[in-house]
Amino acid sequence: MNKISPEAEKVRNALLSKGIETPMITPEQDRDTRRAGIEQHMREVMKLIGLDLRDDSLEETPVRLAKMFVDEIFSGLDYANFPKITNIENRMKVSEMVLVNDVTLTSTCEHHFVTIDGMVSVAYYPKKWVIGLSKINRIVAFFAQRPQVQERLTEQILLAFQTILETDDVAVYVKATHFCVKCRGIKDTNSYTVTSAFGGVFLDDRETRKEFLTLINK
C-alpha cells in the first residue's frame, strides 16, 4: 500500500472516531494482484449468467471491470488516492460564506453496485484556513469513488471539510438519482433523494441555514 498524506490520515481517523467510515478492510495484495483476482472471478460470474466470453465484444470485459473497480470507481477506498490538500492561511480575513454549488456526483450504490448520479453543494465560513475551490470537487469525488449509501456519503463529506478546514461551520447538500431504484425493483424514473448535513453556525442559526438553502436552489 502507498503511504497516505497527513491530511488523509486526519480525515480517516475523524471518520473512524465518529463511526461513519465506509465498512472496509485493507487488502494485503498489491493493485496488480487484486486486478488479476477480480478479473478471474468476473469471468466466472459472466459465465454463470450465461455469457459467452469467446465473443470478441465480451472477452476483455473482465479485464475492463477489474481495472474499473480498482483504479476508477472504487479508488476512494484507498486513502493513498486522497487529494493533495494545501491549506491557505486566511490572510484576507474572508468571513462571508464560501459556496461551491452543483458539484457533479457519480457514485455506486453499495447494495446493488449500480450508479448514484447527482449534485453536491458545499459551503463553509472560513476561520484560519481556506482551500482551493477545485479541492472541494476533488474531495467530493474521492468519497464518491467507493460503494456508498447517500446518507453516509453526506456525513463523510461534511466531516472531511470540518477536519481539513478546522471549523465546524460547514454545510453539505446532496441531491441524487439512484439507479437501484430507477432501473430495477420499483423502476421509478422520476424520484430523487435529498440529504443534508450541517455543522456549527449552519446547524445553530436558522437564518444562516436558510441563506444556504436559498442560494443553492436559485
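Cβ atoms are placed via backbone N, Cα and C, with glycine included.
The Zn(2+) binding site annotation in Swiss-Prot covers Cys109, His112, Cys180.
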Surrounding the recorded Zn(2+) site, with Cβ no more than 8 Å from the Cβ centroid of Cys109, His112, Cys180 and those residues left out, we find Thr108, Glu110, His111, Phe113, Val114, Ile116, His178, Phe179, Val181, Arg184
Coarse DSSP state, helix versus strand versus coil, of Cys109 (Zn(2+) binding site)
strand
Around His112 (Zn(2+) binding site), how many other CB atoms lie within 10 A of its CB?
15
Long-range same-chain neighbours of Cys109 (Zn(2+) binding site), Cβ under 8 Å, sequence gap at least 6?
Thr115, Ile116, Pro147, Gln148, Val149, His178, Phe179, Cys180
How many other Cβ atoms sit within 10 Å of the Cβ of Cys180 (Zn(2+) binding site)?
17
